[in-house]
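*Asks:* I have a structure here, written as structure tokens, and I will follow up with some questions on it.
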Amino acid sequence: MSHDRRLTVGSLLPNQPRPVAVPKAPSVVQPSKQPLPEKAIIRLEQNGRSFSVRHVKGNLLTEGLSQGLPLQYKCRKGTCGVCTVKVTDGASRLSLPNQQEHKKLQGNIKSGFRLACQANME
């Protein structure tokens, strides 16, 4: 008859607690349910409506649409101006206006207007 139990000095002592195997906790990191910090939001207005775009690296129009925002647009090339938005918060997190924006928006850039199809979040 074979025994799987090993005898040790400690196991031979009476009234000694027996070691218990503790299962390891899984090392899966749960995503945080906390709201995004304010600095991670770009706030803008278009045609009298206000929108908040979560800041991720990429094009402002493309990311806004992928986040379910009903932003108006047409050409995506910066020529029609339909995607013009006024950035009310977070402008410093956007790329500098490019030549196409300067041409289409002229002096309105100083008032916070951008072409969403040309502005990139950095």
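The backbone N, Cα and C atoms fix where each Cβ goes, and this holds for glycine too.
Quick paste from Swiss-Prot:
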- 1-33: region 'Disordered' (REGION)
- 8-14: region 'Targeting peptide' (REGION)
- 40-122: domain '2Fe-2S ferredoxin-type' (DOMAIN)
- Cys75, Cys80, Cys83, Cys117: [2Fe-2S] cluster binding site (BINDING)
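I'd like these features described in context: how deep, what's nearby, how far apart.
*Replies:* The secondary structure of Cys80 ([2Fe-2S] cluster binding site), as reduced to three states from DSSP, is coil rather than helix or strand.
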*Asks:* Tell me, how many other CB atoms lie within 10 A of the CB of Cys117 ([2Fe-2S] cluster binding site), whichever protein chain they belong to?
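*Replies:* Excluding its own Cβ, the number within 10 Å is 26.
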*Asks:* With H, G and I counted as helix, E and B as strand and the rest as coil, say where DSSP puts Cys75 ([2Fe-2S] cluster binding site).
*Replies:* coil
*Asks:* Starting from the Cβ centroid of Cys75, Cys80, Cys83, Cys117, the recorded [2Fe-2S] cluster site, name every other residue in that chain with its Cβ within 8 Å, sequence order please.
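*Replies:* Filtered neighbour residues, in order: Leu61, Tyr73, Lys74, Arg76, Lys77, Gly78, Thr79, Gly81, Val82, Leu115, Ala116.
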